[in-house]
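Colleague: One structure coming up, written as structure tokens, with questions to follow.
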Amino acid sequence: MLNKPVLAESLIVFIIVLFVHAVVWDRYSWCAVALAIQAFYVQFKWDRLLQLGGAVFQFRTAANSGLLPASMVIPLLGIAMKERCKSAGIVYFERFGIVVASTGMLVALFLSVIAVGITKPVPTNTCILTGVAGSIIIYTMKHSLTVSEVIEVLEVLLIFVYLSMILLYLLPRCFTPGEALLVLGGISFVLNQLIKRSLNVIEGRGDPIDFFLLVAVVGVVLLGLFFTVLFVFMDSGTWISSMFFHMMTAVLGLGVIMPWLYRLIQRNPLFWLLQFLFQTQTRVYLLVYWTLLAASACGVVFYQNAKRSSESKKHQASTITRKYFHFIVVATYVPGLIYDRQLLYVAAVLCLAVFIFLEYIRYFRIKPFGQTLRHLLSLFLDERDSGPLILTHIYLLLGMSLPVWLFPRSCAPKGTLSGAGALVPYSGVLAVGVGDTIASIFGSTMGEIKWPGTKKTFEGTMTAIFAQIIAVALILIFDSSVNLNSSYAWILASVSLVSLLEAYTTQIDNLLLPLYLQIMFM
């Protein structure tokens, strides 16, 4: 049987799904409900496979499969985007939302079919449920999508299949099945969008900063795949290999990524970036401020490592110490959201590329900094970093940035949505920067009443909800563009549900919570 935390997590996800479709009920709602029911049952099969070691790949073992919460994220995002753009009268992005929802459903269904297929003996009831859900989804897609949209969905599914086979083999124990669905599904969609827009660049659709995100994500992923294959035949820890790494990075960056970006934005990418970053005095002030915050974050890392060196026993950073970085990230994002969201968008993309590049240097032990990074970051490891990669800091950045990147700017007439939708860009700040941080600190220091089957406490969750409500009030005071239009009950319900999800989920909360809060706000 499923344990209590998994049941509670599933119940919270079902409530969120029903909340969303109580507002938006159409043909896609039947698909989402069917997908949620079958994902709940298939999640049990995945959990059993993980416990018995029968999964095809090596997944992260300190957590359940997380298939249900992960399966609903992309479809719900697509449905919410469709409704927002439909109300704004933007047909192109309304259709785009339908494609996103259909793609998310099909990719989640594929992962469910894998679990059912490798379970022995074959689970008859779960097979029937999966078949019914698949039939409903395919029937709806047949009557909703054009031929070109169906092809686009199948392209993303094909990319997802190949990426899963490659990355899950190369990176054992880095993901749960649910996390793999979110991360690899997102990368697959980004890669397909980049290919599509590169072929249709003459149409001139899209903002340069959107192209910058697509090229940066695909570029760092391809760079990692290239060096992973290369270092199968070479020792990555030697000076010769390190020099080759830096040289090939420059060659691929200047010879492939830059020309690709030039084709998309029709101007020199470096000149465009410099002009963009220093376009106004406000941007210069923000960049200086962010540089100081980055220096303070590095100072925390060096101080904690010096503290470890001075102690005889093994020293590991405490939960509260790790939350320092959450406070620093909140202090980084809030001024950007208030004063210049486009700059924050581009700066977050640059920061993501730097983080992933530094992780390559650490993972491959590239001289002269590879071994140093291994030593410095080992202090901040927790049970979620059980694989060869350290991903928690990258997930923190993604959790804060995804609401900014996924904000439907084209469907927001004045750069912001009405009602609770005005808080969409703040979803990461509220869920991770405020809620998760406060819950962790107060729960670990003062919490006594534990939620059944978890280490999380009732006091931590209640304090997190209260802190997020205070944060919303402060946002209303300092950000004049936010107008909630009396949607306070919906905001309270959204914050409460996501805080309860934080208490019960064993998935990467930095990634999952902001996406669910964004869905509720949209």
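Just so it is clear, glycine is given a Cβ too, placed from its N, Cα and C backbone atoms.
TrEMBL entries are annotated by machine, without manual review.
Quick paste of what TrEMBL says about this protein:
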type	residues	note
TRANSMEM	12-41	transmembrane segment
TRANSMEM	61-80	transmembrane segment
TRANSMEM	92-116	transmembrane segment
TRANSMEM	122-141	transmembrane segment
TRANSMEM	153-171	transmembrane segment
TRANSMEM	211-232	transmembrane segment
TRANSMEM	282-303	transmembrane segment
TRANSMEM	324-339	transmembrane segment
TRANSMEM	345-365	transmembrane segment
TRANSMEM	426-446	transmembrane segment
TRANSMEM	458-478	transmembrane segment
TRANSMEM	490-517	transmembrane segment
Colleague: I'm a bit unsure how to read this: which one of 92-116, 282-303, 324-339, 426-446, 490-517 has the highest number of Cβ pairs shorter than 8 Å with the transmembrane segment (122-141)?
Modeller: 92-116
Colleague: Taking a Cβ cut-off under 8 Å, which residues six or more beyond the ends of the transmembrane segment (61-80) line up next to it in the same chain?
Modeller: 5-6, 9-10, 13, 16-17, 20, 24, 28-29, 31-32, 35-36, 39-40, 42-43, 46-47, 50, 97-105, 107-108, 111-112, 115, 173, 176-179, 181-182, 185-186, 189, 383-384, 386, 406, 501, 505-507, 512, 515-516, 518-519, 522
Colleague: Against the transmembrane segment (426-446), which of these stretches has the most C-beta pairs under 8 Å: 12-41, 153-171, 211-232, 458-478?
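Modeller: Maximum Cβ contact count belongs to 458-478.
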Colleague: Applying the under-8 angstroms CB criterion, which one of 12-41, 211-232, 282-303, 458-478, 490-517 scores highest with the transmembrane segment (324-339)?
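Modeller: Looking at each of 12-41, 211-232, 282-303, 458-478, 490-517 in turn, the most contacts to the transmembrane segment (324-339) are made by 282-303.
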Colleague: Hey, which bits of the same chain come close to the transmembrane segment (211-232), Cβ under 8 Å, at least six residues off its ends?
Modeller: 166, 170, 187, 190-191, 193-194, 197, 241, 245, 248-249, 252-253, 256-257, 260-261, 264-265, 269, 273, 345-346, 349-350, 352-353, 356-357, 360, 364, 405
Colleague: Determine which recorded stretch among 12-41, 282-303, 490-517 has the most C-beta pairs below 8 angstroms with the transmembrane segment (458-478).
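Modeller: Ranked by Cβ pairs under 8 Å, first place goes to 490-517.
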